[in-house]
Amino acid sequence: MALALKKLASAGVAHQLLPAAGALLPGLGAAASQLQARRTKMSHSEATNTFILEALEHLEYPKRLRKLLLTPEREVAVELALLRDNGEVATFNAYRVQHDNSRGPYKGGLRFHPQVDLDDVRSLASLMTWKTAVMDIPFGGAKGGVTVDPNELSERELEILTRKLVQALRPILGTYEDIPAPDMNTGAREMAWIFDEYTKFAGFSPGIVTGKPVWLHGSLGREAATGRGTVFAIRELLAAQGLGEIKNKSFVIQGFGNVGSWAAQILHEMGGRVVAVSDAFGAVANEHGLQIPDLRAHVADRHSLASFAGGVVIPKESVLTVPCDVLIPAAIGGVIDEDNARDLQCKIVAEAANGPTTPEGDAILRERGITVLPDIFTNGGGVTVSFFEWVQNLQNFKWSEDEVNAKLDRVMREAFEAIWELHTEDKIPLRTAAFVKALQRVTRARVHRGFD
């Protein structure tokens with residue numbers, strides 16, 4: 001591995017209801033150009049539907065039922081006008097897609113990112129439907145996003161934009177209708193603004209959003225939930241494959257935000273060796289294992305990840321090919337594709353991000369015998385503890401962090417057991433097994449609720 005690392009080191013609001021088949025590409029200069037380049041291959045929603053169709057083929061569902069399950073129930077686009085601090089008026093496109101609520105209220109995060117578009121949100125809303133189903137959480141699926149780079153806004157501008165988003169989407173949100181949560185570039189701060197803004201209209205409503213600060217009706221354990229759930233998922237797979245424990249296994253993590261940093265921390269605490277990590281600006285590696293607590297403190301002090309003295313700097317694009325036992329993509333979608341899937345040097349890919357592997361990349365990983373823990377299960381810890389937070393809000397009662405983590409452990413273990421059983425009995429990949437289980441649960445709910 002030392003040789004490999006050496007080589008890498010050198011190398012005002014307007015509403016518009018849109019049809020489900022529509023697509024919208026905001027003109028945002030370079031960001032729009034990047035989006036268009038991605039669209040020349042396969043859109044995110046097309047990629048998601050490719051995996052779902054594979055599961056539907058296995059289930060032998062009729063075409064009319066397939067269309068019903070794949071089509072979102074509602075798609076909303078709004079335009080948010082913002083008076084900037086410099087006196088200029090800026091507008092931002094925002095979206096909310098409600099995919100399915102047959103098993104419970106719509107549930108899904110809100111992301112702020114310059115590359116957000118309707119197709120991305122549509123795909124992620126669909127993934128939330130199957131994620132809540134495979135985790136057996138009584139929610140449906142939704143997703144939202146604003147096409148904005150939050151780093152270019154002041155805190156005041158960001159707060160106003162968030163509150164305007166709530167005002168625009170208020171008719172379709174609700175404690176028992178649609179419950180947002182944090183996602184890329186949003187966190188407890190933004191969720192607190194959403195809670196406060198919605199409460200102005202509907203009265204005290206802590207259950208309107210999850211991922212709130214712990215001191216403002218949030219849940220203990222929520223911040224680390226997705227990363228912790230990812231570690232639980234890896235633990236279960238290693239045991240099922242007879243590969244032993246996390247201790248002394250090597251891990252590479254692409255993405256060092258909330259999910260990646262917490263997964264790294266917990267893996268480190270369990271004796272795993274995190275040998276390389278990356279973020280949007282750089283990457284650092286150490287074949288003996290990075291000191292994750294020191295690295296997290298380094299980044300928290302606003303230093304760049306690549307400037308960490310406890311490892312060697314490598315190109316961020318090369319982190320996926322660092323030799324390891326388990327590769328954890330924990331950033332954006334579509335990072336493992338036909339161009340790099342043959343270069344991966346891992347035994348397992350644990351998808352902590354949403355949609356990190358394209359269908360073409362997934363086919364190559366299957367051909368190479370690399371096991372993929374699918375995203376709809378691996379990163380299900382976040383929505384699971386969001387459910388716990390929602391329940392606590394409805395009960396007006398707080399659970400201890402140990403209780404939250406123990407409940408999360410149980411849910412992750414039971415979800416894995418159901419997927420693994422299908423995988424072994426039907427001889428299908430874990431991803432297909434996860435979608436099959438999710439489809440079975442959603443279909444059962446839809447059929448029993450009726451269609452009138």
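Using N, Cα and C of the backbone, Cβ positions are placed for all residues, glycine too.
Predicted automatically and left uncurated, TrEMBL annotations should be read as such.
If you look up TrEMBL, you'll see Lys143 marked as active site, proton donor. Using a 10 Å radius centred on the Cβ of Lys143 (active site, proton donor) and all shown protein chains, the other Cβ atoms total 31.
Neighbour density for Ser386 (substrate binding site): within 10 A of its CB lie 27 other CB atoms from the protein chains shown. The substrate binding site annotation in TrEMBL covers Lys107, Lys131, Ser386.
Per TrEMBL, NAD(+) binding site is recorded for Thr226, Asn258.
Residues or ranges marked as site 'Important for catalysis' in TrEMBL: Asp183. Spatially close to Asp183 (site 'Important for catalysis') yet at least six residues away along the chain are Gly108, Gly109, Leu110, Arg111, Lys143, Gly144, Gly145, judged by Cβ distances under 8 angstroms.
Highest Cβ count within 10 Å among the binding-site residues Thr226, Asn258: Thr226. Distance noted between the C-alpha atoms of Ser386 (substrate binding site) and Asn258 (NAD(+) binding site) is 15 Å. Here Lys131 (substrate binding site) comes close to Gly141, Asp375, Ile376, Phe377, Asn379, Gly380, Val383, Ala438: these same-chain residues lie at least six apart in sequence, with C-beta atoms under 8 angstroms from its C-beta.
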